[in-house]
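K.L.:
According to Swiss-Prot, the transmembrane segment annotation covers 8-28, 48-68, 98-118, 142-162, 186-206, 303-323, 362-382, 406-426, 484-504, on the basis of sequence analysis. What Swiss-Prot lists as N-linked glycosylation site is Asn75, Asn85, Asn166, Asn167, Asn344, Asn445, Asn454. Annotated motif 'YERL motif' per Swiss-Prot: 229-232, in sequence order, evidence recorded as similarity to another entry. The phosphothreonine annotation in Swiss-Prot covers Thr235. Residues or ranges marked as phosphoserine by Swiss-Prot on the basis of a large-scale study or a structure entry: Ser525, Ser528.
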Amino acid sequence: MAAAAADLVIGWCIFGLLLLAILAFCWVYVRKYQSQRESEVVSTVTAIFSLAVALITSALLPVDIFLVSYMKNQNGTFKDWANANVTVQIENTVLYGYYTLYSVILFCVFFWIPFVYFYYEEKDDDDTSKCTQVKTALKYTLGFVVICALLLLVGAFVPLNLPNNNNSTEWEKVKLLFEDLGTGQGLAALSFSISSLTLIGMLAAITYTAYGMSALPLNLIKGTRSTAYERLENTEDIEEVEQHIQTIRSKSKDGRPLSARDRRTLKQCEERLRTLRKRERHLEFIENSWWTKFCGALRPLKIIWGIFFILVALLFVISLFLSNLDKALHSAGIDSGFIVFGTNLSNPLNMLLPLLQTVFPLDYILITIIIMYFIFTSMAGIRNIGIWFFWIRLYKIRRGRTRPQALLFLCMILLLIVLHTSYMIYSLAPQYVMYGSQNYLIESNITSDAHKGNSTLAVPKRCDADAPKDQCTVTRTYVFLHKFWFFSAAYYFGNWAFLVVFLIGLIVSCCKGKKSVIEGVDEDSDLSDDEPSAYSA
């Protein structure tokens, strides 16, 4: 019992160290992208905190799996200390952890982040007082609070199972509803709300992560255009525009006024000339920068990283395809959320994670790598696509020049994507997320030649969805993810959409040429001349 307690403490200590690493990563990540001129303390802290909570929630996944696996021996029997009370206590500890973290996520998504966002939107108007800003922000935030309340009510009051008897009265149905409400409906309400956010995260992952998984490695492999060649092209463009301006101005040398068309063309040419000269300054700065020379020396390493990332992307895509194909061929159908009893088509990650889970914390390391990979590929997708509302581009994400409102949007999207990674990992390795490395005993008839008869032998078998409930403990993560079958069905179809968008993004990324070393300078009219270092990085 003492050894078991010591091992459990070690597991939670590693989780604590991971919390510190997450906070450090979020601080560096947010500071890297926030604008140096428009930096706001509240928006920065909000972005760091919300992203950290999402990552901490994902970090709880391997702890959950480790705890349910650690209660059983490899031969399928429970350990001596793992009685019913201890098992329930461990499950409740993880469950309360999820309750706390998911409640904080709901608070961030439906109150704090919208409030801070609308507060800074009102702050742009210099005529308004702080009191007016707070009142206006609270007024707009109230709409998000109402949405959150509706989601909680729907999750709590809508029963999953109504009476099967068609002759049952309405009173019996209402009675069953309130009986269900008193039995764990807090879990159902929270699960419904989080699943709704995860569904939005799935859409964000389809839009940004799927494209970023192809764009990031190919951009690393292709690299950027030559700075010297870009300067030469830019110089030629400057000379051409200056000559065009001189031609237009020569028309008014004799005192005649320019026509409206010539004045409009002259104005456009002058704006174009200012942009080209601004590009020239930045190109000159980058060409002479020591950072550019250092990055040039690291070019082979970037190619290696690009090849590694594309191989990892192909591994994920193949695993996700095989997992979805298994559900399409062998699942219990859409009414069950495409649950699969057993594993009929194995995929690489589904085989690897249960093996690593037996040697703690190797699965921790792999899960961390997967989550960070999703973060970086999502960030690559957001940087390439931008933040859009239908056909309207709201914000651009630029290193060192992201506005506070855009930073909040960015962390909101990443928070939702990280929420969805738990289901993505389940899709890649359903057995691992559901039961870890648990085994249970089944009786097998064996024919013995020595005794001229049959004998019964208990043999261990890996836990799956068809296993007895009293023999295999389901992770709390799985309980949250699959409380409502229709969300699981939506995730299943979303995985197919994810694969399609990845293939489209792969084709688009292959067809696109190399990026400019000052990508986005033409679009940023608010770029000041004292910020060239943002591009040099």
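Using the three backbone atoms N, Cα and C, a Cβ is placed for every residue, glycine included.
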K.L.:
With pairs fewer than 6 apart in sequence excluded, do the transmembrane segment (8-28) and the transmembrane segment (186-206) have three or more C-beta pairs that lie under 8 Å?
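P.N.:
Contact criterion not met.
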K.L.:
At an 8 Å Cβ cut-off, counting only pairs 6 or more apart in sequence, do the transmembrane segment (362-382) and the transmembrane segment (48-68) clear the bar of 3 or more pairs?
P.N.:
yes
K.L.:
Based on DSSP, name the secondary structure state of Asn75 (N-linked glycosylation site): helix, strand or coil.
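P.N.:
The three-state answer is coil.
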K.L.:
Based on Cβ pairs under 8 Å, which of the stretches 8-28, 98-118, 303-323, 406-426 lies most in contact with the transmembrane segment (484-504)?
P.N.:
303-323
K.L.:
With a Cβ cut-off under 8 Å, give me the same-chain residues at least six positions beyond the ends of the motif 'YERL motif' (229-232) that come close to it.
P.N.:
280, 283-284, 287, 516-518
K.L.:
Any residues 6+ beyond the ends of the transmembrane segment (48-68) with a Cβ under 8 Å from its own?
P.N.:
8, 11-12, 15, 18-19, 22-23, 25-27, 29-30, 90-91, 94, 97-98, 101-102, 104-105, 108-109, 112-113, 357, 360-361, 363-364, 367-368, 371, 411-412, 414-415, 418-419, 421-422, 425, 432-433, 435-436, 438, 473-477
K.L.:
What residues elsewhere in the chain lie close to the transmembrane segment (98-118), defined as a C-beta under 8 angstroms and at least 6 residues from its ends?
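P.N.:
Same-chain contacts beyond the ends: 42-43, 46, 49-50, 53-54, 56-57, 60, 136-138, 140-141, 144-145, 147-148, 190, 193-194, 197, 405, 408-409, 411-412, 415-416, 419, 476-477, 480.
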K.L.:
Can you tell me which parts of the same chain pack against the transmembrane segment (406-426), counting only residues 6+ beyond its ends and a CB-CB cutoff under 8 A?
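P.N.:
Long-range Cβ neighbours of the transmembrane segment (406-426): 30, 33-34, 43-44, 46-47, 50-51, 53-55, 57-58, 61, 105, 108-109, 113, 116-117, 194, 197-198, 200-202, 204-205, 208-209, 320, 367, 370-371, 374-375, 378-379, 382, 387, 394-397, 432-434, 477-478, 481, 491.
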K.L.:
I want to check the contact list for Asn344 (N-linked glycosylation site): same chain, sequence separation of six or more, C-beta distance under 8 angstroms. What comes out?
P.N.:
Asp326, Leu329, His330
K.L.:
Between Asn75 (N-linked glycosylation site) and Asn85 (N-linked glycosylation site), what C-alpha distance do you get in Å?
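P.N.:
Here the two Cα atoms lie 22 Å apart.
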K.L.:
In DSSP terms, helix, strand or coil for Asn344 (N-linked glycosylation site)?
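P.N.:
In the DSSP reduction, Asn344 (N-linked glycosylation site) maps to coil.
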K.L.:
Calculate the distance in Å between the alpha carbons (Cα) of Asn85 (N-linked glycosylation site) and the residue listed as 'phosphothreonine', and round it to a whole number.
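P.N.:
The Cα atom of Asn85 (N-linked glycosylation site) is 77 Å away from the Cα atom of the residue listed as 'phosphothreonine'.
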K.L.:
So what's the average pLDDT for the motif 'YERL motif' (229-232)?
P.N.:
82
K.L.:
Per DSSP, the residue listed as 'phosphothreonine' is which: helix, strand or coil?
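P.N.:
DSSP assigns the residue listed as 'phosphothreonine' to helix.
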K.L.:
What three-state secondary structure does DSSP assign to Asn85 (N-linked glycosylation site)?
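P.N.:
Its secondary structure by DSSP: helix.
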